[in-house]
């Protein structure tokens, strides 16, 4: 073995697996409505405790939550007590503060546990817009049969009647853009989908358009 190879072996063996992990969590932008519709569980909750679980090479963070309201997932898990996430942010784990804020948390259920991560929609409740709150209560559910198609460069066209074109990416805002904050893609009684601006007066053509 050459001196260079000997140095390389010693150098690599001196690194732990944790050292070799880089900031590798990359998420595709997703509209809040899609995040809602693609989640098993959507809740408003306050974190009241946390514990690092010693499972896997990096561990899992278990947050104890006080559920304030459930928006999706009644049939799967009527009450959520724990939220699980990767302990490392490089593996898309989320960091939630204890006894400080109420959060909107979305996640998937696996083997009876609710898991969330940086690629799920989570946010401090007081940062949500009024339109997003109305979406959680009612409007996003009405649009789960619609498809929100991201537009990264112009021109963009809907290819079917159930599509809404999402243009926030054109300004590099992604999920934080104006459409994400203020619009829902709603299915109309005629069968096609179109954007609905949350604070505008309800359109009578929207199915069950009564405000929550």
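All residue numbers here begin at 1 and follow the chain in the order shown.
Including glycine, each Cβ sits where the backbone N, Cα and C put it.
Caution: TrEMBL annotation is automatic and unverified by curators.
Taken from TrEMBL, the feature Zn(2+) binding site covers 25.
Listed in sequence order, 89, 90, 91, 92, 117, 118, 119 are the same-chain residues at least 6 apart in sequence whose CB falls under 8 Å from the CB of residue 25 (Zn(2+) binding site). For 25-92 (among others), the entry in TrEMBL reads disulfide bond.
Among the features that TrEMBL reports, disulfide bond is placed at 27-119 (among others).
In this view, residue 144 (disulfide bond) is surrounded by 14 other Cβ atoms within 10 Å of its Cβ, with every protein chain counted. As annotated by TrEMBL, disulfide bond applies to 37-144 (among others).
Among the features that TrEMBL reports, disulfide bond is placed at 146-193 (among others).
The disulfide bond feature in TrEMBL is assigned to 151-156 (among others).
The disulfide bond annotation in TrEMBL covers 164-185 (among others).
Here the domain 'NTR' (25-144) has a mean pLDDT of 93 out of 100. If you look up TrEMBL, you'll see 25-144 marked as domain 'NTR'.
The signal peptide annotation in TrEMBL covers 1-16.
Of all Cβ atoms in the shown protein chains, 29 besides its own fall within 10 Å of the Cβ of residue 185 (disulfide bond).
In this structure, 119 is the one among the disulfide-bonded residues 37, 119, 146, 193 with the smallest number of other Cβ atoms inside 10 Å of its Cβ. Taking each of the disulfide-bonded residues 27, 156, 164 in turn and counting other Cβ atoms within 10 Å of its Cβ gives the largest count for 164.
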